[in-house]
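Student: Dumping the structure here so I can ask a few things about it.
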Amino acid sequence: MKAIHFGAGNIGRGFIGQVLHDNNFELIFIDTNNTIIDQLNQDKGYNIELLDSNQTQIYIDNVSALHSVKEADKVIELIDEGDIITTSVGAHNLVHISPIIKKGLIKRAGKKKTINILANENMINASDLLREEIKKICDPSEWDVIEETAYFANTSIDRQALSKETNGKQIAIVEPYYEWIIEKNKLDPNANYSLKNVKMVSNMKPYIERKLFLVNACHAAFAYLGSLFDYATVQESIKDHRINRLVRQFLAQNIAYFLKEYQMDKDELKHFVDKTIARQGNTALSDDVHRVGRSPKRKLGPFDRLIFPIKKLDELNLENDKGKRIAVAAYCYQDKNDKEAIEIQNMISEQGIIDTVKKVSQVSNAQAQELSEIYYAIHHNRENIFLEEI
Ligand SMILES: NC(=O)c1ccc[n+]([C@@H]2O[C@H](COP(=O)([O-])OP(=O)(O)OC[C@H]3O[C@@H](n4cnc5c(N)ncnc54)[C@H](O)[C@@H]3O)[C@@H](O)[C@H]2O)c1
Ligand SMILES: O=P(O)(O)OC[C@@H](O)[C@@H](O)[C@H](O)[C@H](O)CO
């Protein structure tokens, strides 16, 4: 069985590749990075190092790779023969891979061969987004044939995955913990395989929201507060007791959303948060604040990890002052190598903070006003972020 995976980056090799390999798939990575493509083709496999006490080494074999642009014809052929398509290219790149996936699906649709497509990106319903991007570029007859054969199931994916270079080779380094949750009722009922080491659920919403609004929100908070106080890594940021306390207060406020919306168990959620902070503080990891804080415009979007909880808690009349401080820390975030960070800083200088938050986060006038007051207080003196009241 062949798995076609778009994105041979950290999570693609460090997690999705491992699970598909353990489910007896041959792995073909599709990427645009020549270095990793050449490495995978040369070695026909790759190493994963687990961040456990033994630094366990895992070798993933039966691997090859193709370039999504230079070898487009081969990729289309492969989609025609493949058994599953998965992605981890970054949510903003789904639009770029949709034309080639469309061509491959049209080719195989003639044979009426069904296929599962799982987009694994940190956003709500990434597979639905990929489906929409493909639909947009199809004429109605093309879409009819794709719709008959392609099954787009949403997912939530959780494992801290980084990479390191050893002897000129990229090695995936990952924490032992992982969770891959898949929306089971959208999967192809006639698939000739079942996946082990994944969790199948009928209602994805609570799971992906818990991942984004607790795990990723926590991570983003440590990254943006860390950056505000000149720490280089998330692990250093977590050790600052004032930052740690503020992030815990922030997550305690976010927990209230899950209690109200899904009647989840409070103690289980508290335990989940403790476990998440312990995972993110794992000193075997050295996770750059600029990796975790990357693409702040995406992270400050209306449905993403920082703003969606603020909006929901406001709607429910629940406290969210800590979330607003974290969002403002994200608006203060600077990274000269990150296009989105530069764009946000330019917007703030040219249009002011109120118009910027309205455009980027699509918040109400009252919310924009509140965020701007916090922004000025923090801009005046970053220590103000820790005050009882701003
Ligand atoms: N790293 C993690 O800890 C982690 C955990 C859970 C989810 N995620 C999510 O997984 C996705 C990937 O994250 P990552 O950390 O692996 O990033 P990454 O940058 O390490 O990997 C992304 C890969 O996609 C490739 N790519 C980009 N555009 C492409 C295109 N048009 N065609 C083919 N390949 C393309 C890149 O070259 C790169 O190799 C993101 O959505 C991220 O939010 C990451
Ligand atoms: O990948 P992003 O940019 O959406 O978020 C950065 C990190 O929070 C993320 O990659 C985590 O490491 C991952 O989601 C852990 O499961």
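A Cβ is built for glycine as well, from the same backbone N, Cα and C atoms used for every other residue.
Those TrEMBL annotations? Automatic predictions, nothing curated.
Pulled these from TrEMBL:
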type	residues	note
BINDING	Ala3, Ile4, His5, Phe6, Gly7, Ala8, Gly9, Asn10, Ile11, Gly12, Arg13, Gly14	NAD(+) binding site
DOMAIN	1-187	domain 'Mannitol dehydrogenase N-terminal'
DOMAIN	203-351	domain 'Mannitol dehydrogenase C-terminal'
Student: According to DSSP, how is the domain 'Mannitol dehydrogenase C-terminal' (203-351) divided among helix, strand and coil residues?
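Tutor: Residue counts in helix, strand and coil order: 108 helix, 2 strand, 39 coil.
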Student: For Gly7 (NAD(+) binding site), which residues in the same chain are close in space, meaning a Cβ under 8 Å from its Cβ, but six or more apart along the sequence?
Tutor: Phe29, Ile30, Asp31, Thr87, Ser88, Val89, Gly90, Asn93
Student: Return the count of C-beta atoms lying within 10 angstroms of the C-beta of His5 (NAD(+) binding site), excluding that atom itself.
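Tutor: His5 (NAD(+) binding site) is surrounded by 27 other Cβ atoms within 10 Å.
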Student: Below 8 Å Cβ to Cβ and six or more residues apart, same chain only. Which residues does that give for Ile11 (NAD(+) binding site)?
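Tutor: Residues satisfying the criterion: Ser88, Asn120, Ile157, Arg159, Ala161.
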Student: Please list residues from the chain of Ala3 (NAD(+) binding site) whose Cβ is under 8 angstroms from its Cβ, counting only those at least six apart in sequence.
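Tutor: Result: Leu20, Phe25, Glu26, Leu27, Ile28, Gly82, Asp83, Ile84, Ile85, Thr86.
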Student: According to DSSP, which of helix, strand or coil covers Gly9 (NAD(+) binding site)?
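Tutor: In the DSSP reduction, Gly9 (NAD(+) binding site) maps to coil.
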Student: Same-chain residues six or more away whose CB lies under 8 A from the CB of Arg13 (NAD(+) binding site)?
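Tutor: The list for Arg13 (NAD(+) binding site) reads Phe29, Tyr46, Ile48, Ile60, Ala161, Ser163, Gln170, Ala172, given in order along the sequence.
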Student: Around Gly9 (NAD(+) binding site), which residues of its chain at least 6 apart sit with Cβ under 8 Å of its Cβ?
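Tutor: Residues satisfying the criterion: Asp31, Asn33, Ile36, Ser88, Val89, Ser163.
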Student: If you check the binding-site residues Ala3, Gly7, Ile11, Arg13 one by one, which have a CB less than 6 Å away from any atom of ligand 1?
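Tutor: Among Ala3, Gly7, Ile11, Arg13, near ligand 1: Gly7, Ile11.
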Student: Through the lens of DSSP with three states only, how would you label Ala3 (NAD(+) binding site)?
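Tutor: It is in a strand.
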